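Below: one structure, written as structure tokens.
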Amino acid sequence: MDIAIQHPWFKRTLGPFYPSRLFDQFFGEGLFEYDLLPFLSSTISPYYRQSLFRTVLDSGISEVRSDRDKFVIFLDVKHFSPEDLTVKVQEDFVEIHGKHNERQDDHGYISREFHRRYRLPSNVDQTALSCSLSADGMLTFSGPKVPSGLDAGHSERAIPVSREEKPSSAPSS
């Protein structure tokens, strides 16, 4: 029995016009016209699909920044309202959970749910954490860092999500 072995460079996503795995972060996002064209979707393998014209902000991928003065998480949650989001800090982790019940859209009914967990640096001041949702659906979780040697205040608590009326100033990478 012959088994085809693919080189690792073949499996990497080298750009928006190269194939990506079926079960990547875009799974369940809906279909585009090019997803239905058989010559594009099965050119390489039936388990690969083209992810054309997708941007980082449309993908739900988060961005974590940690510099000398602060720690910031940017997360695209454009399909959720502040009431659908729960943000809480437990020990050294921040947990962001989003869920909305089934609702109707242009193509039928849809429900969404996600759960993200991030480790907080040990020097983040947990008493001064904040979380806001911009008008364009970008969730920003941030907290200042304290100088080393001071207590960062570790405990479990919920962080309220405030709504901003202006779009996010997060970079699009």
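Using N, Cα and C of the backbone, Cβ positions are placed for all residues, glycine too.
Over in Swiss-Prot, the protein carries these features:
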- H100, E102: Zn(2+) 1 binding site (BINDING)
- 153-167: compositional bias 'Basic and acidic residues' (COMPBIAS)
- 52-162: domain 'sHSP' (DOMAIN)
- S162: O-linked glycosylation site (CARBOHYD)
- M1: N-acetylmethionine (MOD_RES)
- Q6: deamidated glutamine (MOD_RES)
- S45: phosphoserine (MOD_RES)
- Q50: deamidated glutamine (MOD_RES)
- K70: N6-acetyllysine (MOD_RES)
- Q90: deamidated glutamine (MOD_RES)
- K99: N6-acetyllysine (MOD_RES)
- N101: deamidated asparagine (MOD_RES)
- S122: phosphoserine (MOD_RES)
- N123: deamidated asparagine (MOD_RES)
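By the criterion of other Cβ atoms within 10 Å of the residue's own Cβ, the least surrounded of the modified residues Q90, N123 is Q90. H100 (Zn(2+) 1 binding site) has a Cβ environment of 15 other Cβ atoms inside 10 Å.
Neighbour list (K70 (N6-acetyllysine), Cβ cut-off 8 Å, at least 6 residues apart, same chain): S142, G143, P144, K145. Taking a C-beta cut-off of under 8 Å and a sequence gap of six or more, S162 (O-linked glycosylation site) has these contacts in its own chain: P82, S130, C131, S132, L133. When the C-alpha distances from Q90 (deamidated glutamine) to the recorded positions K99, H100, N101, E102, S122 are tabulated, the minimum falls on S122.
Note on proximity: of the recorded positions K99, H100, N101, E102, the one nearest S122 (phosphoserine) is K99, by Cα distance. Between the alpha carbons (Cα) of H100 (Zn(2+) 1 binding site) and N123 (deamidated asparagine) lies a span of roughly 34 Å. The DSSP breakdown of the domain 'sHSP' (52-162) into helical (H, G, I), extended (E, B) and coil residues amounts to 6 helix, 60 strand, 45 coil. Taking the Cβ of N101 (deamidated asparagine) as centre and 10 Å as the limit, one finds 9 other Cβ atoms among all the protein chains shown. Put simply, of the recorded positions K99, N101, E102, the one whose Cα is nearest the Cα of N123 (deamidated asparagine) is K99. Residues within less than 8 Å, Cβ to Cβ, of E102 (Zn(2+) 1 binding site) and separated from it by at least 6 positions along the same chain comprise Y109, I110, S111.
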